[in-house]
Amino acid sequence: MTRRELARMIDHTLLKPDATEAQIRQLCAEGREHGFMSVCVNPYWVPLCAELLSGTEVKVCTTIGFPLGANRSEIKAVEAEDAVARGAREVDMVINVGALKSGRRDVVLNDIRAVVSAVAGEALVKVIIETGLLTDEEKVIACQLAQEAGADFVKTSTGFGTGGATVHDIALMRRTVGAGMGVKASGGVRDLETALAMIGAGANRIGASAGVAILAGLEA
């Protein structure tokens, strides 16, 4: 795998609540320098990132219903619509985990559909299923619902919950959605070895705050 190929699989991420403007600017500078697929930031920072990355191939990615996923679908839809209007081209939404664990598949399906509809094809939708809170059976159901709702990716974790991406979960998610949907590994991917293990298991996108370090490992 070439350096560019790996960089184009990474969402260079900074979602800490105390992230400063200087840190966001640095994130975007690194995004430009290394050619990451996107920078992933909280919604407040979307306009600044869109301005800083204008004219580059680096997309702006943001979060919806983050990190708990427990808001109403209508609110998530408004968040998504606003994010796209301000320059986001990828949105990572959190499912309603409690509804899933309550057996309310209809709620989860409609929740995802609301966001897919809100972006109206102007942004990719990644669905965070928060694997650390789910049984394997629930992970499969969540992936099936995301696929049925028309999302583009399923994603392991917010990074704010228990656990993160594992090879087991990535392989399970890939088997569930097949080749036609993206799988994003996020949470605890901090080095090249882990990133390559996730890719080997079926991930075609990596969410990481350590994107620069991951690429450096390829050059070592």
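Backbone N, Cα and C define each Cβ position, glycine as well.
As recorded in Swiss-Prot:
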- Asp92: active site, proton donor/acceptor (ACT_SITE)
- Lys155: active site, schiff-base intermediate with acetaldehyde (ACT_SITE)
- Lys184: active site, proton donor/acceptor (ACT_SITE)
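Taking Cβ-Cβ distances under 8 Å and a sequence separation of 6 or more, the neighbours of Lys155 (active site, schiff-base intermediate with acetaldehyde) in its chain are Asp92, Lys126, Val127, Ile128, Ile129, Val183, Lys184, Ala185, Ser186, Arg205, Gly207. Counting every protein chain shown, 27 other Cβ atoms lie within 10 Å of the Cβ of Lys184 (active site, proton donor/acceptor).
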